[in-house]
Structures are given as C-alpha cells and as structure tokens.
Amino acid sequence: MNRIFKVLWNAATGTFVVTSETAKSRGKKNGRRKLAVSALIGLSSIMVSADALANAGNDTGDGVTPTGTQTGGKGWIAIGTDATANTYTNVDGASAAMGYKASAMGKWSTAIGSYSQSTGDSSLALGVKSVSAGDRAIAMGASSSASGSYSMAMGVYANSSGAKSVALGYKSVASGATSSALGYQATASGDDSAAFGNGAKAVGTNSVALGSGSIAQEDNSVAVGNSTTQRQITYVAKGDINSTSTDAVTGAQIYSLSQSVADRLGGGASVNSDGTVNAPLYEVGTGIYNNVGSALSALNTSITNTEASVAGLAEDALLWDDSTSAFSASHTGNASKITNLAAGTLAADSTDAVNGSQLFDTNEKVDQNTADITANTDSINQNTADITANTDSINQNTTDIAANTTSINQNTTDIATNTTNINSLSDSVTTLTDDALLWDAASGAFSAKHNGNDSKITNLAAGTLAADSTDAVNGSQLFDTNEKVDQNTADITTNTNSINQNTTDIATNTTNINNLSDSITTLTDDALLWDAASGTFSASRSGSASKITNLAAGTLAADSTDAVNGSQLYETNQRVDQNTSAIADINTSITNLSSDNLSWNETTSSFSASHGSSTTNKITNVAAGELSEESTDAVNGSQLFETNEKVDQNTTDIAANTTNITQNSTAIENLNTSVSDINTSITGLTDNALLWDEDIGAFSANHGGSTSKITNVAAGALSEDSTDAVNGSQLYETNQKVDQNTSAIADINTSITNLGTDALSWDDEEGAFSASHGTSGTNKITNVAAGEIASDSTDAVNGSQLYETNMLISQYSESISQLAGDTSETYITENGTGVKYIRTNDNGLEGQDAYATGNGATAVGYDAVASGAGSLALGQNSSSSIEGSIALGSGSTSNRAITTGIRETSATSDGVVIGYNTTDRELLGALSLGTDGESYRQITNVADGSEAQDAVTVRQLQNAIGAVTTTPTKYYHANSTEEDSLAVGTDSLAMGAKTIVNADAGIGIGLNTLVMADAINGIAIGSNARANHANSIAMGNGSQTTRGAQTDYTAYNMDTPQNSVGEFSVGSEDGQRQITNVAAGSADTDAVNVSQLKRSVEEANTYTDQKMGEMNSKIKGVENKMSGGIASAMAMAGLPQAYAPGANMTSIAGGTFNGESAVAIGVSMVSESGGWVYKLQGTSNSQGDYSAAIGAGFQW
C-alpha cells in the first residue's frame, strides 16, 4: 500500500471519516463492507464535518500525522510537511492542520493550505498563507486574514480585523467592529459599518457604502456614490408621509409635493423636470414679486398705507353725519369752513354748492332791495302830499316795483340756486367711496351725492361773505338771507297795501285836479295811472281790473327796474314749484339715506352695515375689486370665496408637512374670519419677522429702526456647500481658533522674521548667500567645520584651513617666487600673470589657456575667462563677465548684474517671501558655483554661522524651521527631533517627522511616511506607510500599496473582467491587519462577516452531507451493481464446458462477490473433428440483472 490512512463510514455520525489504515471496519446490517471511494472524498469530509474531525484521532490511535508534528495528546490531525496541530487534552479541542507548514494551534481550530495558520479557538484558515487569529474566526483564500473574534475573511488578501466583522472579496478589509466589506478592495473601517462593492468605503460608525467606489464618510450615513460619482436610487416604493414616518420618499412624491406647492402658490408657479419650483409672479399694486413673503410684505405695506390714508381721510374729509342726515364739516369737534369752493352753477336743475361770493352777491341785492323798499316808502308818503310829485313818484314807483319784482325774481332765483346747490352737493357726495365729500372728475366739482340721493352738509362754519370769497356758506347764513328775503316780501306786501291806499286817496283827490281833467280822464280811461289810494299804478279800467298786455319781458338784472311779464313770473313760479318738490324729495332722500346708507361707526371706528333693527347686513352687487398693491377696492364674496378655497386647500396640504405650517394654516383661517386680524397679523409680522429686504437683496434683522439679534439659532452644518446660518457659539469657536491661529501665525512670523534677520539667506540680487546682518554688511561665518579639500569638493572652508593654507603659502612663497615661471612682459600682457607648478591637466584637450581680459580680473583654469573688471574665474570653462563677480568651479558662470534694493518679508498664498536689504553695504559682486538654468553646486561642510553676515548651515535652518513647526497649534501637536516633513507636490499635505509627499494632491501623515511622485491623489497614513500608486491609500504602520488601479483584471470567482480606480492597503505582503466588526451583509455585493460565513459553511456542510449521503447511496448502488456483475462474471466463468471431439455439455455454476451472488447456466459443444468449440451461457444475479454470452473458437 502506498498510504497510511483510509476512509471509513462512521455510522454514529452518518459521515465518512479518515482513520488509520490498520483500523478495523465493520459492515452494516447486511454485513457488506463499504468501499472507500477516494482520498478526495476523505479530504472533503474533513472540511465539512466537524464531528468527523473530532473523531479522527480516537478511532484506533492518538492522531494522524503524515510527516506532520503534534504536541502530544489525542484527536489531532496534521497532514503535510511541517504541519502542526494542537491536541485534545481534557475538554480542550483537538485541531487539524493540512498542508505544507500548516499550523492549527487554536483549540478546535482547522488550518488547510500551505503556511495556513489557525491560532484562534475554533477558527478556520483555508488557503495558502491564510491566517485565522481570532476566536471562531474564518479566513478563506490565499493570504486572507481573520484576526477579529468571530470575524470572517473570504478572498485573496481579504482581512477581517474587527470583532464579528466580515471581509469578502479580493483585498477586502473589515476593520470596524461588526463591520462588513464585500467586493474588491471594499473597506469597512467604521464600527457597525458596511461597504458593498468594488472599492466601496464605509468610514463612519454605522455607515453603509453601496456600490463600486461609494464612500460613506459620516456616522450613521448611507452612500451610493462619492464626491465625483453619484448614483440614482431607482424603483423605490412610495414611503409613508406623516409626522412619524422615516420612509424614503420617491422622486414622484417630491414632484407631487412640488406640484402641490406650485398649485398653492399660484402666480404662474410651475414645476421643472428636476422637481424644483419656478418662482411665482405676484402683481401687488405696481410691483411684481416672485415669493409669498415679498408679496405679503408689499400687501402689508399697501394695507398700512391704505389704513393711513383712510385714517387721514376720516379725519380730514367731509363725511356723512348720521345724526343730522347730512354731510358734516365738523373737524376735531368744531365747525369748520369749506374753502376754495368754486362758484356753483345757478340754474333750475343745479345742485351745486354756492360759495360765499355768490351769497354775498345775493345779500348785496337783498340789501339793495331793502334800501329800494325804504325809498319806495318815502316816495309813497311824498306822493300823498303832491299829485304831481305823485305822478313822478308813481313813475318812480313803477320803476321801483319793477325793480322790486326783479329783486323778488332774483331772490326766487337765488333760492332756486341755493336749492340747486344743495342738490349739487348731494350729487357730488354720491361719487365718494364711502361718506366723504369727494371730487367728481366728471362734473369738475365736489359732489354731495350720497347713495344716489342729494344730502346735507352740516357743521359748516360760516363762510366769509365778500366779493372775492370762495367759502361755502352754511344754513344759518342762508337762513339770515332768507329772513331778509322774507322781510322784503313782507315789506313789499305793506307797500302794496300802501299803494292800494294811495289809489283810494288819488280817487278822493280827483275833484281837486280840474286843470288836469282831460288828461286825467284820458289817463283814467286808457292810461296806466298811479293809484294814490293804493300807492301804486292801477291797471283798473271801467272799474274793473285789467291786464297789462304786450308788456315786454323786463330785464332781469341787479340794477333793472323793468316790470316783468306773466311769462317771466310763470317761469319763476315753475321753478319755485320744482324747487319745492325737489326740496321735499331731498328731505325724503336724506331721511332714507340716514337709515339706508353705509355709515361710519365711531364706536367700532369703521363703517357699519347695520340697518334698522338688524345689526349685520349684506352689501350686495359689489363688483370685483382690483387686486393690486395700491388697490383700495372692496372685494366681493366671490373673490373671498376663491381666496378661502385656496386657503382651505393650502391648509389641507400644509397640514401634512410640519406643525409650524399647520399653525400658519390656522393663522390663514383666522384671516378669513377677520380682515382686521389679517392687518394685525401682517403688521406684527412686518414689525417682528425676519423679512427680505429688496434694497439690500438679503433678509434684514432690522427691528424698530435698529439692528437686532437673532437668537436660538441651531448650529448650522459646516461644509463646502452648506448654506445654513451659523450661531454665535460656532463663530466664537471659529474666532477662538482664528485667535489661536493668529497667535501661532504671529509666532511663526516672528520666527520667520528672526530667521530672515539671523539666517544666512540667499540674496537674489547678489545671486549668492549673504552673510549680512542688521547694519553690518559683512560678517563672519563661524563654527564652520573643515570642508573637504578635493577636486570635486564644494564644501566651504574655515579659518583654520585658510590659516593652514596661508602658512603653507608663507612656507612656499620663496619657492613659488623661484618657480614663477614665464615672467616675460609679452606673456603677462596677453595672458595674465602665471606661476610655475600651478598646472592644469590638459591631456586630450586642445591647448586653451586662461584669459583675464577684464581690468584687475583673474582667470584660473583651463579655458577660464574673467572678462569683468576685478572679477575672478576659477575652474575649467568658468566665466566671470560682471565687475567684481566670481565664478567658482568648473563650468561656473557669473554673469548676473547685482543691484541694491530692499524687500519686505511677506506672506502670500504661495508661502512666505523672505525680505532682504542690500543697500546697507557696498556690493562687490556675486559668487556663482554653477550656471543659471543649467547647473549648480552645494556648499557642504559649512560651520554654523554666528554673526548676521555669516553663512548658515542646513542644521541651523532646520532648527529654525523646527522652532516654527513645534509651536503649538490647537488640535495639532508634534513631538519629534527628526527631520521636518516635506510637501513637494502641488496641493499636497505632509504631516509628521521625515514625511515626504512628492505627488500632486497627495497626503502623508505619520513618521517617515512617503507618497511617491506617481501616486497622484495618493494617501499614506501611519509610520513608514508608503503610497506608491495614484488614487491609492496606505493605512497603518508599514502599510504599502502594491498594485494600484487595475484594468480588466480577473477577480476571484468573477467571470467578467473588473476595473478599479485605486488600492486601499492596511498592511503589506509581509504584514497584514484584520478588518473587524463587519456587519452582516445583505445585498449581492455586500461584505459578509464570520457569522454569515459560518452559517454559509454550516449550510454548505448540511448540503454537502446531504449530497454526500445521496452520492453514497448512489455509489453504494453502483457498488452493489458492480458486485452483482462481478458475481455474474464469476458464475459464468465457473461453467465447465465440453472438451472432447463431438461432445456436448450442459452446465450450471454459481458465484458470489462482496455480498452479491449470481447463478449461470451454459451449453457447450465440440465439433466431430475437435477443431471447433461452441459455447452459449446466461446468468442472473442478486441485483435482478440478467445477461447472456455466446462464443465460438477454432483450435488446432
């Protein structure tokens, strides 16, 4: 045999087990032995059956160790060279190690694969270099590591270092407690975090990163992308929307909400395809507003202005007085005048108010009538004495009567005019919006019309009565005039009686005027004669009253004495009748107006719609008022109904959002109840709310005309795209940091200033390091170590070296004098002074001498050229072309002109610009050790400078920089004496001693951390960490990125090629870390933890056991069939046959093999010649199979 173990069926456990080759086996109930199928089945049983492993060492021996080792005890299995397994001692579990140098030292642990290690109790390491260090941890895959307790790492380089973490996939890392990383280079570093997908990173605690490249940085966050790549979340069911819902909402819900908001906003608001709402446009007055706040503010302003205007109108307008049923000119409780009243139209249908000048004119006429009446009375008395005088008096009386008649007509006209003026006032009031006496643009006058009817104006102060007066007159003034008119009327009646009396007297005196009898007779019969008895002219004829016909219409004027005819009096009577009727109608209208008008209620300071015993009444037939910023129109029920419909709908929609909006809905409903409440709320909002200020284009905290605080502001989010308001504590914290930074920067600036003052700095103008200090232009550089003196040395030399040189020069001066070489004048003139034994090796070079062409210049070296006055060129091909310049070294060129100047030290966005001052000393020239833009040299072995003009060493500069960098800065401290960090790449960051970042946008943090130049956007964090590839991260001490981004690579157990943008490494090939605390994965690309893997293994074990059982059954069936077939073959082989020539034979035989049996029957015959042999046979076995065979043969 070539093996020392075999596979047996364990009836107790129902599994195959591996045991010693010498162990005895027994059959099952039928006594048949089991066939060991193959060593592969035995290996599978080791992986999938813990019970089988536990029994491996207990069946017949202490353990199995094909070339492996163990530490004593029982139950262990170690298969492979240098494999090591723990043993079973008391209750401690034995372990199994399979593979070259496999080690299973944990209790009940299993290590399968070369260099695999299972040090944790009950742990499993499966794969080359796999390590399961955590208790009950599982590491499956080459170089996988499961160091966290109960963790699981599946995949090449998978690492689960967090307790109960799961890392599933190539280079997946689960370092957070109960974290999960699933996918190529997926990383879950936060506790309870999960990263699902290639390169996904879950950094925050309880965070989830879903999808390739997703990064969940914040705690309790879910990321489906990163800062540069985002994903949609599609096919999301609609979430519940209520006050307690935490469901995700869909785009359709957001769009619906946006549509609802747009519908409620009105004003043309609409929803874009991305769910944003286009701003509405509200026209308030003359302004256009695109948000509700501004529109309400404008409306509030309009209402406030309207209220102010109404208040002013109520105080200063001529308003309706319910108590007097007339317009009242009362102002602040006192009767007042109406001035600047235009003259009203004096006509039968005029309702215009008359002014003082018009009444003055009437009064003048009345006074004239009174005077005229008095004169008439005097004239009548005079007529009684003298008939002749009477005749003249009669003529005069006729004139006076005509004048009186004219005055009466004028008075009547004036009365009609006054009445008309009252009507005019009534008409004017009608156009007033409420009860004010307003200007009627149509008629070009103020109208006293009220509710369609003429009305009174009461409490009108007496207007000035003058020729140029435009004051309105009141009733008392008109009453006084009417009294005078009435008196005139009475006086006229008295005069008429007197005239009648004069007529009687004249008749009595007829006999006394005989000398005039003919004339009197003629006058008596045909003429209109004076009747002395009546004191008037008498139209009596033949004892009867008669008409005066054909009387032309008398002139109606202030100075007219014409008699008026019947048509004129008729017209006047008609007007009086009309006026009487009109006055009656006015009185009726005024009465109706008092009870039916919309009147001002002083108690409520508003117009009241009360009527009769009904306190509240409707105002119907109100046209729709204009809705604009400056509109003062009343609105009707349909407009308010429309508003209420919108408000009700808004209330329903807004109630679903937040409690605050619900409160706003309540406020809106209150607005529907009372416009006064709206005004109060808007006024309060205007006074106390933080409103948008259109002038400054921002929200204004102005209150009462003064600036004010905004308190109780929650801390705003601080991020690049945050638009939150920040509160005082946040600003205070920032200010504290700014103050600290300011202090630190001040210290840095001081250090830099000191450094600029005390350091050996480069002088741009001189093109050299300057040892100037303060006002001292030249200074020593002391403590300079002895520089290396060699052909390629660029070290600075110190005084002792120079002293030694000087001593040597002194010692050899005599010899040098002797060895001066060619001192001919021609040679010196052409090539400068030279000395013997100072030579240049010119082997292989063309013979080129040194050339000192500048006045006082010196050139030393092959092809050295000193063309500048007083310059020095020292070295092969060196050149000094500027006065006083020095070119030191082979190929050095000193050709830059040095100018004096001053530059202040300043800080810019690119760093600190060191200042200089080259004006305090004479500039002798520049020292060049190389060539601009081509080559340069170091000055090495320079002693530390001590004076202002001394050269400083790198050590001094490092100490100075160290003094700057070790200055404490809040939240950042470093304590190291090592070399400083260096950030070489653009936008790079280097933190920590000896840390170097060469890559653009690279980040290096830690001691001796390195980011290579090719590792653009690379990050290395931790001591000795190395980021070698772009977009890759090395995290932890000694971590290195070894692969970087890959394209079309073959991932473990993936059919299609994969791509990655970078690498995240938490270790190296020689040192790995666990990713612990991986949460259980749920999606296809989620990382799984050890518990999930264990469960998967258990399910796989169960499945495998089941399938193995089925396979065993099938194999057993095959085995039985094979055994039956072998028994049949043996039975047929046992049949004897005829052998003699001409002989025939019938035979029967039986056979058995491995518990199966068979019977065979055969017939055979030999030919007569004995040459041919024939055979026919058939068989049946215990498996119920039948078979037959026939054959023939020829023998010789």
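Positions of Cβ are set from backbone N, Cα and C atoms, glycine also.
Automated prediction, rather than curation, is the source of TrEMBL annotations.
Per TrEMBL, the feature domain 'ESPR' maps to 1-48.
What TrEMBL lists as domain 'Trimeric autotransporter adhesin YadA-like head' is 119-144 (among others). Across the domain 'Trimeric autotransporter adhesin YadA-like head' (119-144), DSSP assigns 0 helix, 8 strand, 18 coil.
Sequence-remote contacts of a segment are chain residues at least 6 beyond its ends whose Cβ falls under 8 Å from one of its Cβ atoms, and for the domain 'Trimeric autotransporter adhesin YadA-like head' (146-172) they are 120, 123, 125, 127, 130-140, 178-188, 191, 198, 1051-1052, 1063-1067, 1072-1081, 1086-1094. Taken from TrEMBL, the feature domain 'Trimeric autotransporter adhesin YadA-like head' applies to 146-172 (among others).
The predicted model assigns the domain 'Trimeric autotransporter adhesin YadA-like head' (174-200) a mean pLDDT of 95. Residues or ranges marked as domain 'Trimeric autotransporter adhesin YadA-like head' by TrEMBL: 174-200 (among others).
Helix, strand and coil residue tallies for the domain 'Trimeric autotransporter adhesin YadA-like head' (202-227), in that order: 0 helix, 8 strand, 18 coil [DSSP]. Annotated domain 'Trimeric autotransporter adhesin YadA-like head' per TrEMBL: 202-227 (among others), in sequence order.
What TrEMBL lists as domain 'Trimeric autotransporter adhesin YadA-like stalk' is 232-275 (among others).
What TrEMBL lists as domain 'Trimeric autotransporter adhesin YadA-like stalk' is 456-500 (among others).
Annotated domain 'Trimeric autotransporter adhesin YadA-like stalk' per TrEMBL: 547-590 (among others), in sequence order.
If you look up TrEMBL, you'll see 709-752 (among others) marked as domain 'Trimeric autotransporter adhesin YadA-like stalk'.
Marked as domain 'Trimeric autotransporter adhesin YadA-like head' by TrEMBL: 852-878 (among others).
The domain 'Trimeric autotransporter adhesin YadA-like stalk' annotation in TrEMBL covers 938-976 (among others).
Annotated domain 'Trimeric autotransporter adhesin YadA-like C-terminal membrane anchor' per TrEMBL: 1136-1196, in sequence order. Under DSSP, the residues of the domain 'Trimeric autotransporter adhesin YadA-like C-terminal membrane anchor' (1136-1196) split into helix, strand and coil as follows: 0 helix, 40 strand, 21 coil.
Outside the domain 'Trimeric autotransporter adhesin YadA-like head' (202-227) by six or more residues, the chain places 176, 179, 181, 183, 186-196, 233, 1061, 1083, 1085 with a CB less than 8 A from a CB of the stretch. Secondary structure counts, DSSP: the domain 'Trimeric autotransporter adhesin YadA-like head' (174-200) has 0 helix, 10 strand, 17 coil. For the domain 'Trimeric autotransporter adhesin YadA-like head' (852-878), residue counts in helix, strand and coil come to 0 helix, 9 strand, 18 coil, using DSSP.
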